[in-house]
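Colleague: Take this structure, written in structure tokens, and hold onto it; I'll ask about it next.
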Amino acid sequence: MSQHHLDNRTAVPAPRRAPHAQERYGTASRQPVHTRDSAGPETEPSPSPGGRAERRRGRRRAQKRTPLLGNYIGYAATFVGAGLISGAIVHHPLDPARYTLIAVAGAAVFLFATVLNEFVLTKRRPGATRVLGIVTASLALSFGIGMLSGGLQHFEDFPERAAMLIPFGLALSWVAYVLRHEPARWRSIVGPAGVLVLITAALALVGLRGIADGMAAESGGGGHSHGEETTGEAGTPEEADQAHDAKTDSGTPASKDPERTAGPTEAEDAAHADDGHGH
């Protein structure tokens, strides 16, 4: 070949391959980019009307709460019932008929609060066995707490009775609490925690009985009364008259024959007459 042809070959530009590579890379890089249609801007698919309604119903269900007044009534009835039971247990010996009625009323109020809090406000529908277990455990828990709180409150007024109520109320409330709130863990009643509660109740029984005996020896079995008449030294008017008569009989006996005893004036007159002096 001549030198001219060689010069012409070297002058021929090389084939363009870079644009193909750029196009390949550009296509790969443009894959995640959303392309726009010539008709207008890019539009997202609109949700179906059924999906919106479902989300709206779910939002309403999430925002629904229990009524505030119902929560207050259940909360207040729980403590009112426990208070009535505690007062009736402590004061029962004073008027058994009256305080038995108060205890029954307190138990009814406490059970009403239990049903309201556990079933009505929460809208749960447990089985009959579960309902019976909850009601029974709640009733036992109310009496246990009533014994414990009433004994602590009136220990000075009824030492011997309170010394029995406090430890037994502690044990009963523990058992009822486990059966009421943790029924699946019923073995904990006799577990380490149950043994600790039992030891505490036994020590409380021994210690409080000793304190009650000491208080009874010092005060002579005193206590406070609710509605009872207090008897003092004077007593009723009939007792006062009898005491007055007894005191009169125990005094110096009066003379039965007034003629035998002369007063001081008559004795002086007789002495002057014997002397012969006339007045």
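Backbone N, Cα and C atoms are what each Cβ position is placed from, and that goes for glycine too.
Straight out of TrEMBL:
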type	residues	note
REGION	1-63	region 'Disordered'
COMPBIAS	40-51	compositional bias 'Low complexity'
COMPBIAS	54-63	compositional bias 'Basic residues'
TRANSMEM	69-91	transmembrane segment
TRANSMEM	97-119	transmembrane segment
TRANSMEM	131-150	transmembrane segment
TRANSMEM	162-179	transmembrane segment
TRANSMEM	191-212	transmembrane segment
REGION	218-279	region 'Disordered'
COMPBIAS	269-279	compositional bias 'Basic and acidic residues'
Colleague: When you scan the chain for residues with a C-beta under 8 Å from the transmembrane segment (191-212), skipping those not six or more beyond its ends, what do you find?
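Modeller: Contacts of the transmembrane segment (191-212) (Cβ under 8 Å, skipping residues fewer than 6 from its ends): 155, 159-160, 162-164, 166-168, 170-171, 174.
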Colleague: Residues of the same chain, at least six outside the transmembrane segment (69-91), with any C-beta under 8 angstroms of its C-beta?
Modeller: 99-100, 102-103, 105-114, 116-117, 120-121, 142-143, 145-147, 149-151, 153-154, 158, 161-162, 165, 226
